[in-house]
Amino acid sequence: MAAEAAVREQAEAVRRLKQDKADPDEIAKEVAKLLEMKAQLGGDEGKHKFVLKTPKGTRDYSPKQMAIRERVFNAIIACFKRHGAEVIDTPVFELKETLTGKYGEDSKLIYDLKDQGGELLSLRYDLTVPFARYLAMNKITNIKRYHIAKVYRRDNPAMTRGRYREFYQCDFDIAGQFDPMIPDAECLKIVHEILSDLQLGDFLVKVNDRRILDGMFAVCGVPDSKFRTICSSVDKLDKVPWEEVRSEMVGEKGLSPEAADRIGEYVQLHGGLDLIERLLQDPKLSQNKLAKEGLGDMKLLFEYLTLFGITGKISFDLSLARGLDYYTGVIFEAVLLQQENDHVEEPVSVGSVAGGGRYDGLVGMFDPKGRKVPCVGVSIGIERIFSILEQRVEASEEKIRTTETQVLVASAQKKLLEERLKLISELWDAGIKAEVLYKKNPKLLNQLQYCEDTGIPLVAIVGEQELKDGVVKLRVVATREEVNIRREDLVEEIRMRTSQP
């Protein structure tokens with residue numbers, strides 16, 4: 001117990017030194033001493049007990065959960081490929097300076113790594129900034145790419161709602177100089193396709209433009225220096241009522257009550273082409289160059305979305321701000337809607353499942369000559385989608401297969417292990433997904449039960465008589481129907497019976 005008390009004292013000493021911002025060498029010396037004491041304590045027999053848990057904000061995925069997840073990934077990748085995207089990958093950590101200053105108020109959520117070799121590094125916060133770095137580094141000015149990988153945020157996790165510290169993002173981006181709004185419209189079409197395909201329920205894609213927001217702030221009397229901070233307040237409107245947002249703007253961020261009230265008149269508007277037309281005639285907004293540009297492009301965007309036939313799910317929403325600093329034009333966010341009951345006029349949002357926008361300046365921030373590469377992209381919120389599907393599967397008690405095995409190679413009598421191994425080897429070499437039980441003489445009943453439990457559809461049974469006749473007995477697990485198939489025809493028969501309709 002004395003040793004444990006000493007470790008606690010040393011830990012407290014280290015904490016105080018850090019708090020007092022003591023000399024880094026002194027802190028390092030004391031930390032080393034603490035680690036040595038902990039190591040000695042751990043060495044005592046039976047003293048050290050492992051805490052069996054995943055780190056805060058992370059989770060393990062069981063085979064069943066991974067099967068659901070793979071299904072979702074496959075649907076998303078199929079959509080990205082349908083739209084002609086190539087795939088890239090980038091390191092899980094970047095130089096700290098690459099990520100610094102790109103995320104506005106969210107920068108405090110970046111995970112910094114301890115310097116272990118002369119470079120200050122941070123775990124990537126999203127896939128967009130690494131993509132911009134990749135374009136600038138490789139002097140690429142034109143690419144349509146997707147990237148699916150884990151990102152890291154030192155956020156307060158809310159794991160029941162699919163909010164983690166380590167999670168996947170599925171990004172699709174179009175980089176290059178193109179005519180206005182054509183790539184932007186395709187990104188929205190992709191969101192529509194994926195959310196429709198996954199059958200998550202009713203959804204709405206909110207669209208706005210950073211230029212309309214900035215123009216609106218200007219005509220409402222917001223000082224330039226407060227644009228970004230007021231933007232992050234407006235972004236909370238989907239979660240909290242206008243009164244709270246207004247008091248944050250005025251009380252915490254020092255905006256005049258008059259300016260806040262003027263903003264309130266605009267940010268509570270949402271609609272479609274009719275609203276865009278109305279705002280183009282707005283005496284104040286139409287005088288602002290930025291807002292006029294943004295509204296002109298928004299009108300064009302809605303014309304393309306009409307051609308794609310998806311405007312029923314799209315809403316031009318002036319409260320949408322998206323907090324990230326790098327957006328320069330169109331921004332959008334898809335939310336799932338939950339109809340509380342028949343009497344509710346407005347459906348209730350249950351959270352964002354996709355978001356994105358145009359970021360024309362980001363690549364230029366990395367390019368030594370400041371060359372700009374216009375980009376627009378979308379990120380699918382896979383974790384929230386996954387949480388919803390997982391809950392749905394639990395509720396329906398649907399049986400999920402966690403393997404893709406097509407056939408179990410079984411034997412009807414004893415002493416046929418060699419024959420089973422010969423046959424399964426033939427099947428594997430022909431590309432058939434097959435399993436065998438790891439027992440010399442398993443009972444036939446146990447082998448059939450294994451198929452029932454795991455959902456394997458077929459059993460290839462070898463027996464003494466079948467070997468003499470040069471056939472294999474193929475059993476359909478669901479119907480218990482059995483047919484003798486010539487050994488040379490077995491691969492073809494299994495393929496035919498297990499091919500997807």
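Glycine is treated like the rest: Cβ placed from N, Cα and C.
Per TrEMBL, L-histidine binding site is recorded for D126, L127, T128, R153, Q169, D173, R322, Y326, Y327. Look at TrEMBL and you will find 1-55 tagged as domain 'WHEP-TRS'. What TrEMBL records for 57-389 is domain 'Aminoacyl-transfer RNA synthetases class-II family profile'.
In this structure, Q169 is the one among the binding-site residues T128, Q169 with the smallest number of other Cβ atoms inside 10 Å of its Cβ. Counting only same-chain residues at least 6 apart in sequence, those with a Cβ under 8 Å from the Cβ of R322 (L-histidine binding site) are D235, I331, E333, G355, G357. A 10 Å cutoff on Cβ-Cβ distances gives D126 (L-histidine binding site) a total of 19 other Cβ atoms nearby, all chains included.
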